[in-house]
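In TrEMBL this protein carries:
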type    : residues                       : note
DOMAIN  : 4-173                          : domain 'Formyl transferase N-terminal'
BINDING : SER105, LEU106, LEU107, PRO108 : (6S)-5,6,7,8-tetrahydrofolate binding site
DOMAIN  : 199-303                        : domain 'Formyl transferase C-terminal'
Amino acid sequence: MGTPEFAATVLEHVLGSDDVTVAAVYTQPDRPCGRGKKCLLGPVKKLALEKGLPVHQPQSFKDPAEVATLAAYKPDVLLVAAYGMILPQTVLDVPTKMPLNVHASLLPSWRGAAPIERSIAAGEQITGVTIMRMALALDAGPMVMQRSMNIGVNDTGGELRAELADLGGRLLTHCLMRLRMGAVPLIEQDASRVTYAKKIDKAEALIDWTRPAAEVHNLIRAMTPNPGAFFFWKPAADKPALRIIAQPGKVGCPLPPGAKPGDILGLMDCQIGVACADAVYLVPAVIPAGKRPMNAQAFSCGYLGKCDEDAMAVCGPPDGLA
């Protein structure tokens, strides 16, 4: 059971195991996306169809018939990774052995929908994957296995997600091998150490340049590639604010005299320098709204070089556009 690329990577590992037979795949219903509102196949559904596996896409499991369809497969184990749907107890009771979930954090830290983004934004240096037996409460079931890995100082959310998916797939296949040979340990989570990773609100991706440059760096990394950390800039007083996504860069030199947080300092080291609370943050590339990605030099020539002198600073979001 899963939907996005993370889950597809885990499924590929499971399908590559000689000791596991996948009876069916459950994934979220197709949803229209893009300007044309066309329904695109999700990564898990696409992989399942390529492998000739039965695919089910229930709207929910409130209908007893959907639970009965699942139960008819008589699964030993339910495997769940980024499914994006709440599973009732009637579903968790279906497997003869247990329902297992692949969670992208070292539980009990970062229970919830966005553990990868939250861990990067918090500046953490270590993360990992937990295989747990599912319970009704959010990511609260006993742990079966854990593996840790380092978070690089420049890792983005997308890069870390791919690494954790691969680690999760390998760990899950090892867990299934252990389960087939006998019982696996079940370790209860320490309730005193629980933290939560709530779903990312796009408004959280608005860059606050009054924060230290290291925190700005962590936010931009966490929000890359999606939803993308952004700021607003007005090329002139009589022109509308432009929404600009910043690509991850690096912390630069200390603030020059007179610089205030949010000041755009022009090109520095072939990157766009923006003043933060304690230092300059260097942005190597941006994506202006409705435009393709462009490097710092192109943005400087095409935008900064044509703006009013008093427009060399970020601005607040227009009403309703944050």
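Just so it is clear, glycine is given a Cβ too, placed from its N, Cα and C backbone atoms.
Feature annotations (TrEMBL) mapped to structure.
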| residue | record | Cβ within 10 Å |
| --- | --- | --- |
| SER105 | (6S)-5,6,7,8-tetrahydrofolate binding site | 24 |
| LEU106 | (6S)-5,6,7,8-tetrahydrofolate binding site | 21 |
| LEU107 | (6S)-5,6,7,8-tetrahydrofolate binding site | 27 |
| PRO108 | (6S)-5,6,7,8-tetrahydrofolate binding site | 20 |
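Within 8 Å of the Cβ centroid of the (6S)-5,6,7,8-tetrahydrofolate site, not counting the listed residues SER105, LEU106, LEU107, PRO108, the chain contributes HIS103, SER109, TRP110, ARG111, PRO115, GLY128, THR130, ASP139, MET143, GLN146, GLN189. When secondary structure is read from DSSP and collapsed to three states, SER105 ((6S)-5,6,7,8-tetrahydrofolate binding site) falls in the coil class. Break the domain 'Formyl transferase C-terminal' (199-303) down by DSSP state and the numbers are 21 helix, 37 strand, 47 coil.
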